[in-house]
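One structure below.
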Amino acid sequence: MIRLIRWEAAKLRGSLALLFALVVPGLTALLVMFAMLANDRAPAWSSMMGGFVLPLWAMFLLPMVIATFCTLVAQVEHRAKSWDHVLTQPFPRWQVFAAKLVIICTAVAGMTFLVFAYAYLVGWLGGLATGYTPVGSFGFVEVAQASVRLLGAAALVVAIQAWIALRYANFVIPLAVGIAGTMVGLAVMLTGTDQADWFPWVITLRSVGPDAPLDPVWMGLAGGLVACCLLLVDLPRRAFR
């Protein structure tokens with residue numbers, strides 16, 4: 001299994017998926033810079049991270065990033081039509097897909113870390129450039145706790161997007177699911193209804209906030225575990241071209 005994970009990681013070297021994972025988290029930091037340039041006073045680290053970066057990442061960027069990254073990882077095999085080669089290696093088929101899941105989950109966690117790392121760096125550099133260095137506590141513990149909750153709640157979305165991206169060679173399908181899920185989630189949050197709390201993308205959004213309950217986290221983790229198990233049962237039985 002370790003060999004498979006290393007093999008999957010090696011495939012991403014120099015790929016668009018790796019470039020995407022390293023660059024896209026910087027978009028949030030870029031918005032932080034623009035916000036600092038537009039303000040004439042020093043912001044607080046807590047409001048910058050908890051009130052701007054975290055909601056922006058959780059509500060819009062993270063779901064879209066998950067959909068896109070899963071698609072890019074799956075397209076490594078789909079575009080090269082290398083499934084026959086991959087699935088005839090001396091490993092159980094389910095381990096091949098499990099290794100891909102490990103890579104995807106690790107990358108999503110890594111991108112979330114980079115979002116805040118870039119934001120802290122840009123906030124500090126922006127403060128030096130504008131003279132309005134953010135004030136107050138850095139809030140590393142709070143940011144780490146919020147990130148863990150968010151990643152737990154997003155587990156179901158990750159599993160769904162990975163399943164669809166690996167199942168279908170057409171890259172439009174997983175991207176369309178990601179866009180639709182994100183839009184529905186945002187619409188549900190804007191209307192304030194609680195009738196769709198079960199929807200995977202809404203589960204992710206409900207995990208963010210100062211008074212966010214832990215229910216979405218457990219729902220996301222449980223749903224993600226079930227979806228991953230179903231993925232590992234379904235995909236090894238499929239015929240890929």
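From the backbone N, Cα and C atoms, a Cβ is placed for every residue, glycine too.
Since we're looking at a predicted model, the values are computed, not measured.
Database features, via TrEMBL:
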- 12-36: transmembrane segment (TRANSMEM)
- 56-76: transmembrane segment (TRANSMEM)
- 97-123: transmembrane segment (TRANSMEM)
- 143-164: transmembrane segment (TRANSMEM)
- 171-191: transmembrane segment (TRANSMEM)
- 217-235: transmembrane segment (TRANSMEM)
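With a threshold of 8 Å between CB atoms, the same-chain residues lying at least 6 positions outside the transmembrane segment (143-164) that come near it are 49-50, 54, 57-58, 62-63, 66-67, 70-71, 73-74, 100-101, 104-105, 108-109, 112-113, 116, 173-174, 177-178, 181, 200-201, 203-204, 206-208, 212, 214, 216-221, 223-225, 227-228, 230-231, 234-235. Here the transmembrane segment (97-123) has Cβ contacts under 8 Å with residues 1, 4-5, 7-9, 12, 17, 21-22, 24-26, 28-30, 32-33, 36, 43, 45, 48-49, 53, 57, 61-62, 65-66, 69-70, 73-74, 134, 138, 143, 147, 150-151, 154-155, 158-159, 162, 166, 228, 231-232, 235-236 of the same chain, all six or more residues outside its ends. Packing against the transmembrane segment (217-235) from elsewhere in the chain are residues 93-94, 97-98, 101, 149, 152-160, 162-163, 166-167, 198, 200, 203-204, 207: each is 6 or more residues past its ends and has a CB under 8 Å from a CB in it.
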